[in-house]
């Protein structure tokens, strides 16, 4: 096995001199958590990483490799892995929570007694908690801990590329300006930049919602659909994402940035994307169960589509593409019908924050009354 040392290659240029080491804890032993742990270490932080698997703990501490999730990349040797949460969180000033959404609350609840009011607490998880209450990960952090400094880190961040040292960027979103600034200081280096946002829910929803549409675009790619079709799917996906998020209080402008269109592009176009790979496998004819099993990791979009479609129906948010994907995944509809569903959906406004959707539809209805022979399928 060839192990690349991209983190080590960047450590000298990135490590600040003459500063007290920031105490960083990373909860989670997956690919992104491991990549962030190593970046923080190269920045001069004292980093401890919590994970349950004792064998993986030993590999990280002795061989400086995460053999399960980043097997080809060396981790900064100063990262100390442990299955002892109390040890990992001891004196932690910054806690990065990189836990899949299904286990997120349980892990945070376990950690909560060890987290203080001044601890910087950041979710890196792109998912939504299952259940009727529709909780985002940052809301769980608010509910389960006493921290006054909560943020979300999200963006076009394929962990393997970050580990390899490819130039990448992310967004830290928080209501607190000092939280944003301190995370930028802790994680920005010469190959990983961190930009700031005050739209926490917008950034968080962008990261969760794009996973749904990556599955859809993966299917389209496997079925040999053209570039026009895939471009249409991605841009209409962005329309649905922003429509849903704005209905929940987010800013539509957030979706023009890294956490919106940036994350959507990379997740919908890269074979490194887990959700894209699940969609591609289904497009090739595999069942959902076979596609997920072959992946061997969590594809958050599979769980998220359930929650989003249900919530959109409750709130009256129009999301035809998400609805069509749900039918393919869980109701046995042919994947080829997914893209066709867009051709049968309403032909309204392109960007409804400049031309409201209802205004476009109203004009079509008036045109249909005055010029009935021209309307045909416009409103279907």
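Even glycines carry a Cβ here, placed using N, Cα and C.
TrEMBL lists 28, 29, 30, 31, 32, 33, 159 as binding NAD(+), and of 274, 277, 286 the one it places in that same site is 274.
155 is the residue from 151, 155, 165 that TrEMBL records in the sn-glycerol 3-phosphate site together with 126, 210, 263, 273, 274, 275.
Note: the CA-CA distance between residue 263 (sn-glycerol 3-phosphate binding site) and residue 31 (NAD(+) binding site) rounds to 17 Å. Across the residues the record lists as binding substrate (126, 274, 275), the two Cα atoms farthest apart are 12 Å from each other. Residue 126 (substrate binding site) carries neither a helix nor a strand DSSP state and counts as coil. Residue 126 (substrate binding site) is 15 Å away from residue 29 (NAD(+) binding site) when you measure Cα to Cα. Residue 30 (NAD(+) binding site) has a Cβ environment of 21 other Cβ atoms inside 10 Å. Within 10 Å of the C-beta of residue 126 (substrate binding site) there are 29 other C-beta atoms, taking all protein chains into account.
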